[in-house]
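These come from TrEMBL:
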ACT_SITE  156  active site, proton donor/acceptor
ACT_SITE  160  active site, proton donor
BINDING   11, 12, 13, 14, 15, 16, 100, 101, 102, 126, 127, 128, 129  NAD(+) binding site
BINDING   38  NADP(+) binding site
BINDING   166, 167  (S)-2,3,4,5-tetrahydrodipicolinate binding site
DOMAIN    5-129  domain 'Dihydrodipicolinate reductase N-terminal'
DOMAIN    132-264  domain 'Dihydrodipicolinate reductase C-terminal'
Ligand code: NAD
């Protein structure tokens, strides 16, 4: 077997970071060489995630951790205010970034792509690592060619601030690329209660359900002649993103330049 890929996890004590630490510690093709977090300095990364002691203590300084541990890949799940600086630091030190943190601007992505190419290393920024979500969106767009009447229903926890979700908007955009604009339903339809028919997008509707206990789910319902087709994806927990994170870690080892969007790695 070839050498394991050396991974530094930044944001290691966060909700997503802990899942990444678990992934890396439990996968023999990966090796945890550093765990960075603003809090929990000195804690053992393994014990922190409920696994045996890993011998890797959480440290606070990203650049120092990269210099000391010389990883092949840096995975970052921190916050939008820090991720750009962390990504630029990783590239500067020849470490391939795999970034799950959201909120990059297109100018920042272009700049980081340039830096990756100058250093001849790969990189990935992926706002969504779920393979199931990417396939659900792709299947929905394909179905819209044949079934132009559809509605999207997305379900998230009750504390989510934005509606509809980013995934619902992205799904709607992909569908719109395959479907002529078509105003569905009865032209004389009237809402007796405002909002009952959901958000309007190119003639179809998007509904956002917000309930405690829900993590992230979405269905796209297509209505045809005497039939309906439902394409649905349910995420129950953050671990659902980890198979995608592993693919990301492996793919950035292969080719130089920054890829934006995990869908580019899914055939
Ligand atoms: P979180 O708040 O639970 O974790 C963030 C962690 O990063 C915390 O432990 C915090 O102490 C640490 N941190 C913050 N700034 C830091 C810094 N400068 N240096 C070192 N550590 C720092 O958040 P979360 O729920 O794990 O989400 C993190 C990010 O991942 C968010 O941007 C979220 O939108 C994104 N996210 C992406 C995906 C995906 O599939 N790409 C999935 C879920 C969440």
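Glycine too: its Cβ is placed from the backbone N, Cα and C atoms.
Owing to the predicted nature of the structure, the values given are computational and were not obtained by experimental measurement.
Listed binding-site residues: 15, 38, 166, 167. Those with a CB atom under 6 Å from ligand 1: 15, 38.
For residue 102 (NAD(+) binding site), the nearest of the recorded positions by C-alpha distance turns out to be 167; the candidates were 156, 160, 167. Proximity of the residue listed as 'active site, proton donor/acceptor' to non-local residues of its own chain (separation of 6 or more, Cβ distance below 8 Å) is seen for 165, 208, 209, 210, 214, 215, 216, 217, given in sequence order.
The distance from the Cα of residue 166 ((S)-2,3,4,5-tetrahydrodipicolinate binding site) to the Cα of residue 11 (NAD(+) binding site) comes to 22 Å. Taking the C-alpha atom of residue 129 (NAD(+) binding site) as reference, the shortest distance to any of the recorded positions 38, 160, 167 belongs to 167. Binding-site extent for NAD(+): residues 11, 12, 13, 14, 15, 16, 100, 101, 102, 126, 127, 128, 129, maximum pairwise Cα distance 20 Å (rounded to the nearest whole number).
When Cβ atoms from all protein chains are considered, those within 10 Å of residue 13 (NAD(+) binding site) total 20, not counting its own.
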